[in-house]
Amino acid sequence: MLEKKKFLLLRRVCQGLILAAFALGSWLGAPLASGTLASSVWFGTVPLSDPFVLLQSLAAGHPLARGALWGGFAVLAFYALVGGRAFCGWVCPVNLVTDAAQGLRRALGWRKARMLRIDKRLRYAVLALALLGSAAGGVVLWEAVNPINLIMRALVFGLWLGGLTAALGIFLFDFLALSNGWCGHVCPVGVFYGAVGRHAVVRVAAVRRDACNDCGDCFAYCPEPQVISPALRAIDGHGVGIDAIDCLRCGRCIDVCEQRVFEFSVAGRAAARFPADSG
Ligand code: SF4
Ligand code: SF4
């Protein structure tokens, strides 16, 4: 049973520890993390910055402190290696909300039901608007409405109204209107990180794709199911690695596949294996 939720549990531990570090740093003055995911200092010395926030700051004409720049480079380098949307799956607090909405949809058999049809390219338009608006207004525009920021401010500064309103709004949007509606169609942060990790080394690969029995479980649990088919079905001679920028490296496909088709792998080293190799 736990085997089928291994990566889900690991992600929850990772998300929980990160959020707890911020909350404890703020509430108890513990020397863990101070600030928010937009800009933080870990253990009193290590700065980490969200490069998308830095980009908006630059567009707004704000001077950037050296520590913030180094923190931004460190975060960029990390996600360029491991895959940008790993941020969405392993760190972002909004993922807890969207996973809950998707889980409830699955439980009710609403997986494909939708009230809205939104082009996934809307995310790019929101990203461009955030940067152009920051440049025009001289403010870091997206951060004023970014639900990640609102949830972090609730946790760290006790501004619960904004955080809870954002979380509830996204839950209802994803649950009632469109599965993966917020992260997959609107949020510019995910698409920014996805682009950062375009050539990431760490990938999920359908290494035993010949063993697939078409049960559909991976598609049912994956938040971005369109990323699976090329690697799983060898479409146009596609290799086994899932290379679409939208893969969150969440590992749910690995967890739920009874045939053990998927594995985490290092890009360029993953090769197809035969079913007999799967033991
Ligand atoms: S869960 Fe595994 S067996 Fe089922 S469709 Fe996906 S890859 Fe195939
Ligand atoms: S392909 Fe697998 S790892 Fe990637 S987003 Fe889907 S379930 Fe997660």
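Cβ from N, Cα, C; glycine included.
The following features are taken from TrEMBL:
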- 203-233: domain '4Fe-4S ferredoxin-type' (DOMAIN)
- 238-267: domain '4Fe-4S ferredoxin-type' (DOMAIN)
- 64-82: transmembrane segment (TRANSMEM)
- 124-145: transmembrane segment (TRANSMEM)
- 151-173: transmembrane segment (TRANSMEM)
Checklist outcome for this item: Secondary structure split (DSSP) over the domain '4Fe-4S ferredoxin-type' (203-233) reads 15 helix, 3 strand, 13 coil
Item to check | Secondary structure content, the domain '4Fe-4S ferredoxin-type' (238-267) (per DSSP, counts of residues) | outcome: 5 helix, 5 strand, 20 coil
Item to check | Chain residues outside the domain '4Fe-4S ferredoxin-type' (238-267) and at least six past its termini with a C-beta under 8 angstroms from it | outcome: 3-8, 10-11, 82-86, 88-90, 95, 184, 190-191, 194-195, 197-209, 211-213, 215, 217-218, 220-224, 226-228, 230-232, 275, 278
Item to check | Average model confidence [pLDDT] within the domain '4Fe-4S ferredoxin-type' (238-267) | outcome: 94
